[in-house]
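Novice: I have a structure here, written as structure tokens, and I will follow up with some questions on it.
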Amino acid sequence: MKNNSLLFLILVIAFFLRFVGISEYPIGFTQDEAGLGYEAYSLLLTGKDSWGNSFPLTLRSFGDFKLPLYSYLTILPVYFFGLNEFSVRFTGAIFGTLAIVATFLLVDKLSGQKRASLISALLLAISPWHISLSRGAFEANLTTFFMPLGIWAFLKGLKSSKWMILSSFLFGLNFYSYHSARVLAPIIIVLLILYSRTSGNNNLINKSTLWKSVMRFKIAIVILVTLFLGSLGTLFQGAATRGLDVTLINPTDKWKYMSQRRFEAIKQGVPTEVARIFSNKVTYIADNFVGNYLSYISPVFLFSQGASDDGYGMIPGRGVLYLIEILFLTFFLIQLIKDQKPYLIFIFLWIILAPIPAAISKATGFSATRAAVMMPAIQIASAYGFSFLLLFLENSFRNKYFSLALKIFFLGILFTSLAFFLEDYLFHAPIHASESMQYGRGELVNYVSGIEDKYDKIFMSRTMSVPHVWVAFYKKWNPKDLQLESIKWLKYEEEGQQYLDQEH
């Protein structure tokens, strides 16, 4: 009963941190947020996206081919609250809150440690990384709910096939949430199958009983394979082009850097074939991948500089974790080396594999969204480390008053850290992030709406990127009208003129 009360209190804190003032914080409302919201509005009213595609598995949107899960989940909030900033951000906030429950359930199932379960829930609830992504319409946040819940259901499914069906469905939805999750989800599934051997379920991959396992979980397998194949199908609808465009295999400088290095070597007398060995596409990709990967697991990203882009509600110059978590993660590593328990190894592998999607991106700087699949694993690791540290100190002194003082001390540090983050988030970030978060677009549309009767035509500059989305969003354009116009725009893409403006 005590644990349930504490979990409820943590959920109240998480709900408060994610919901209060979400229409105003983060400041502004980006084109991606407006786009996801309008797609939900279009699907609600017509069953089609803004390009006229019926219940699509990928959203063409602005030509960036977004994965559709966020928009589908936003249909109900838009239905109940109307098309506005609150309804669109509601989805992120509610799933961000539910992620706390999913994390608690997962840790409890992995180790049965109630204290570690509660600490992991608390650390995720007050995480600056998770709070920031939960308060905006950012698809990357969805996986922090679906991934841990899918893992939890898988572990329960080892004893009951009905839970495995739920796990397959949850992992399948991950394929439609965010590109990083689509890459990591299959890796996590493989890790879970290997992890199951430690739970006395060798029959999952044992040759002699493999067919029995397939028949036992046949419905779950069909669901997972179907959703996975559907996700692969989106690669032929333009999503592959978008995905490859942001990866290292398609560098921004079109391989100029590599060619320059090869040219320099040849000018210095290095034979052409030898220069090619040291400067080629493989070495370029490998070098950049390793550099990117190491940067995401470095203290610079985690505790010092944090995200480079404040266009997703993040605060550049502030680590995505609290400084005190350095201590917790250190004790997690000590516990991992000392005990080598399977669940600790599983969490560790999750963390070190999670940066792969972010590392293959060619984007400069740190991306908190692409690396979001590290959550809640890194908070779980901190929780295990914190719990191990408390146990070590309690066993060393064996005094109930010392134990109580210890808990108050660490909680005081955590909530003081939270207070400093909130001060930064509420009073400083709005000043510095207003441009990146595209502040003022709604006000602009309202102003133009007040004077549009005085003019035959009103032109909006493409320096605003895709200005039509804010007009469609705030004026609640009839999706059927936009669908008819969108079809006309496709002729420019067919002609290879993807960024040509059309007068209409």
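From the backbone N, Cα and C atoms, a Cβ is placed for every residue, glycine too.
Keep in mind that what you see is a predicted model, and the values were worked out from it rather than measured.
Sharing the record's features from TrEMBL:
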DOMAIN    68-194  domain 'Glycosyltransferase RgtA/B/C/D-like'
TRANSMEM  86-107  transmembrane segment
TRANSMEM  116-132  transmembrane segment
TRANSMEM  175-195  transmembrane segment
TRANSMEM  215-236  transmembrane segment
TRANSMEM  320-337  transmembrane segment
TRANSMEM  343-360  transmembrane segment
TRANSMEM  372-392  transmembrane segment
TRANSMEM  404-422  transmembrane segment
Novice: Do you know the DSSP helix, strand and coil residue counts for the domain 'Glycosyltransferase RgtA/B/C/D-like' (68-194)?
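Specialist: Result for the domain 'Glycosyltransferase RgtA/B/C/D-like' (68-194), in helix, strand, coil order: 108 helix, 0 strand, 19 coil.
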Novice: Mark yes when the transmembrane segment (372-392) and the transmembrane segment (175-195) have three or more Cβ pairs under 8 Å (sequence separation 6 or more) and no when they do not.
Specialist: yes
Novice: Could you pull the average pLDDT for the domain 'Glycosyltransferase RgtA/B/C/D-like' (68-194)?
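Specialist: Average per-residue pLDDT within the domain 'Glycosyltransferase RgtA/B/C/D-like' (68-194): 96.
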Novice: Please tell me whether the transmembrane segment (372-392) and the transmembrane segment (320-337) touch - that is, whether there are at least 3 C-beta pairs under 8 Å between them, with each pair 6 or more apart in sequence.
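Specialist: These two stretches do touch.
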Novice: Would you mind listing the long-range same-chain contacts of the transmembrane segment (86-107), meaning Cβ under 8 Å and 6+ residues beyond its ends?
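Specialist: For the transmembrane segment (86-107), the sequence-distant neighbours (Cβ-Cβ under 8 Å, at least 6 residues beyond its ends) are 7, 10-11, 14-15, 18-19, 22-23, 33-34, 36-37, 40, 70, 73-74, 77-78, 80, 113, 116-118, 120-121, 124-125, 130-131, 133-138, 141-142, 144-145, 148-149, 151-152, 376, 379-380, 383.
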Novice: What parts of the chain pack near the transmembrane segment (404-422), using Cβ distances under 8 Å and only residues at least 6 beyond its ends?
Specialist: 122-123, 126, 128, 131, 315, 318, 322-324, 386, 390, 393-394
